[in-house]
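Take a look at the structure set out below.
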Amino acid sequence: MQLKASEVYEALKKQLEDFDELSELSEVGYVISIGDGIAKVYGLSNAYSGEILQFSTGTKGIVFSLKDNLIEAVVIGSDDQIKQGSQVKRTQTSLKVPTGKELLGRVVDAVGNPIDGKGEFINPTYLDVEVKAPSVMCRDSVNEPMYTGIKAIDALIPIGKGQRELIIGDRQTGKTAIAIDIILNQKRFHLSDQEREKVYCIYVAIGQKRSTVAQLVKKLQETGAMAYTTVVLSSASDAASLQYLAPYTGCAIGEYFRDNGMHALVIYDDLSKHAIAYRQISLLLRRPPAREAYPGDVFYLHSRLLERAAKLNKAKGEGSLTALPIVETQNSDVSAYIPTNIISITDGQIFLESELFYKGTKPALNVGISVSRVGAAAQIKAMKDIAGTVKLELAQYHEMEAFSQFGADLDSSSMQLINRGRRLSELLKQSQYCPFSVEEQIIVLFAGINGYLDKVAVSKVKEFESNMLEHFRIHNPDIMNEIISTKKITEIISSKLHQILQEFVKSIEQYS
């Protein structure tokens with residue numbers, strides 16, 4: 001019997017119509033062993049390093065090691081539900097996290113999921129957690145100031161937008177307090193209509209207590225700073241994998257603003273705990289330990305994170321991402337492995353000393369070994385001129401004070417230098433949650449270096465400073481606006497400042 005072509009065609013057509021198309025084609029592997037957040041998986045020979053795997057329980061993992069017929073994946077979160085023999089699928093994607101202005105005012109976990117009970121994000125932009133840092137040709141020099149509101153930093157250790165500045169010191173020396181004050185200081189720029197002046201903040205808490213972070217978030221909400229801030233939390237009770245991912249997630253959130261022509265500030269608190277989490281993962285993966293049991297690539301761990309902070313050029317939108325990593329030292333030992341690594345990666349460090357902190361100097365900055373390698377280029381001329389004199393007078397004061405310890409008789413000029421140095425040191429002290437605008441800082445330091453506090457008792461310096469600024473705000477706001485608009489102290493501004501300060505000092509008896 002001979003079949004007609006039309007009959008064959010109709011039969012094939014009917015069969016194809018009844019054919020169920022596979023909804024999904026995926027590579028599947030199986031868990032050989034699971035423990036301590038590390039899964040050994042067989043059967044996914046085409047997986048690549050950094051790829052996201054999907055376990056049958058719904059949990060996700062990241063490929064960390066590739067071996068013959070075997071891969072090792074780090075489970076993101078808890079591995080309680082994963083058993084030996086569980087099915088694992090490739091996703092053929094790397095980890096992406098939600099970013100955008102929708103995240104402002106929110107608290108998210110290490111992979112960007114909201115944990116503040118305010119609901120899911122509606123339309124976020126998803127970005128890769130691990131990306132290459134901008135190339136040299138995409139960058140511009142650091143030329144815009146990042147105002148911290150802290151006199152000692154803005155004058156002596158200035159930070160620019162796009163800089164990486166390390167905050168380093170022993171526990172309980174005020175490292176987080178400085179970071180929070182910097183976030184609070186950005187509020188004054190968000191109250192203005194100039195979008196270019198606004199700085200969006202990302203605070204990454206690594207290995208901290210949830211109660212501590214809750215207090216911090218409450219403070220940001222009370223001051224109105226949460227409106228332009230995102231908090232990324234990976235608490236001490238979270239898995240090492242989440243503590244490892246948190247800084248990269250925070251960086252990706254900041255990169256959204258940087259790449260869209262805006263300014264962002266990301267604070268990593270702190271990278272010591274981040275390194276410890278990575279050390280734990282590496283030892284569980286049986287990677288060979290090096291100095292202090294850290295793996296050999298711990299430098300790359302932090303360099304690839306911090307190199308993503310950048311000031312982009314005009315062609316790329318002139319956005320910036322400023323990074324403030326925090327590192328905790330043991331007994332002020334800055335020569336330990338992680339501190340020296342991060343010091344060599346960053347553009348300077350703010351060193352906090354426990355001795356100064358216990359003496360009541362807050363912020364407890366050691367001006368001698370704190371440095372900013374690129375921020376001075378971003379300082380406005382008015383601050384640069386005053387800061388130079390402040391640095392010189394403080395250096396002379398510390399040298400002369402050390403000399404006076406020997407009980408030597410000092411002449412009148414040396415005594416005057418010591419007296420002024422003491423008052424300048426007192427001026428640089430600052431209470432927490434009290435940021436100063438740049439024009440206020442310039443006026444305060446101008447008064448200090450020109451001898452207007454020489455007759456003020458050291459114990460009354462803070463009171464004098466407060467009343468002087470109040471006098472300027474009420475009676476001379478025009479001079480403050482003039483300093484900001486011109487960005488330098490002209491002869492006219494200088495003579496006006498001298499005149500106002502001379503009149504104010506006539507009532508000095510109450511402070512002497």
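Backbone N, Cα and C define each Cβ position, glycine as well.
What you are looking at is a predicted structure, and each value in this text was computed from that prediction instead of being measured.
Listed in Swiss-Prot:
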type	residues	note
BINDING	G169, D170, R171, Q172, T173, G174, K175, T176	ATP binding site
SITE	S370	site 'Required for activity'
Taking just the CA atoms, what is the gap between T176 (ATP binding site) and S370 (site 'Required for activity') in Å?
17
Residue among recorded positions Q172, T173, T176, S370 with least C-beta crowding, 10 angstrom cut-off
Q172
Out of G169, G174, which of these binding-site residues shows the lowest number of other CB atoms within 10 Å of its CB?
G174
Would you mind listing, in sequence order, the residues at least six apart from R171 (ATP binding site) in the same chain with a Cβ closer than 8 Å to its Cβ?
E328
D170 (ATP binding site), Cβ-centred 10 Å count of other Cβ atoms over all protein chains shown, is 18
Return only the integer: C-alpha distance in Å from G169 (ATP binding site) to S370 (site 'Required for activity').
11
Additional residues surrounding ATP, by Cβ distance to the G169, D170, R171, Q172, T173, G174, K175, T176 centre under 8 Å:
E328, L352, S354, F357, A364
Please report the three-state DSSP label of D170 (ATP binding site).
coil
